[in-house]
Amino acid sequence: KLDIVQWLVEHGKANVEATNKDGMTVLHYAVQGNKLDVVQWLVEHGKANVEATNKDGMTVLHYAVQGNKLDIVQWLVEHGKANVEATNKDGMTVLHYAVQGNKLDIVQWLVEHGKANVEATNKDGMTVLHYAAQENKWHVVQWLVEHGKANVEATNNYGKTVLHYAVQGNKLDVVQWLVEHGKANVETTNKDGMTALHYAVLGNKLNVIQWLVEHGKANVEATDNDGCTVLYYAAIKNKLDVVQWLVEHGAGVNATNINGKAPIN
């Protein structure tokens, strides 16, 4: 109701920066409701602050992206000069939200026109590519690497790579693409010394295990920081089919960890 908004502000002297208990401004609501005309008027005539945040630290641009409102995203950035690198309390940028929501058109626009940083990390050190891989957004993964030049070897605060997340989520198509086209290193370890193969075994992803070994040439004898092999992981998880396959493909049954325990123990 643009006419009512105009009258309340111009004649009723309503405060455009008023917030509710969650810190939501009038502009937040206008964006959330997909009211571009109201958004434009509030910013241009009501002088609404486009960088105002709610209690979660979310700007109106976060809401525009979350709601898949490309026209509002474009207007806020181009005319409202909204900050595309604004982060919420978890360190999530608007690009994180676009990727998380699988909104490829918004991802593309933010990177190409908004110049959003594809390597920006949240508080856990996760890039947008981590999120794309974790949530099986194959087309987003592909675009971010090929056009956004996202780093496939980026690690979060725990040393987990994009490939680790793809494996952990049992995303075989993403795993294959990252290794074959993104040239992801299958032997990169997290802070505990776990490789992608450790994650695949831990999650009982036999199809991913087979592909990593047969096509990705993953090392079946790789050990974590405690000296535990992938076979040890399979044994303690009681994954007989995985144990059998690993042994048949070269995993040693007598390798011991730092406590002297072998898979057979």
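In case you wondered, yes, glycine gets a Cβ from its N, Cα and C as well.
Just so you know, TrEMBL annotations are computer predictions that nobody has curated.
If you look up TrEMBL, you'll see 22-46, 56-80, 90-114, 124-148, 158-182, 192-216, 226-258 marked as repeat 'ANK'.
The stretch in closest packing with the repeat 'ANK' (56-80), judged by the count of Cβ pairs under 8 Å and taken from 90-114, 124-148, 158-182, 192-216, 226-258, is 90-114. Away from its own ends, the repeat 'ANK' (158-182) comes close to residues 124-125, 127, 129-130, 132-136, 138, 141-142, 145-146, 152, 188-192, 194, 196, 199-200, 203, 205, 207-208, 211-212, 215-216 of its chain (Cβ-Cβ under 8 Å, at least six residues beyond either end).
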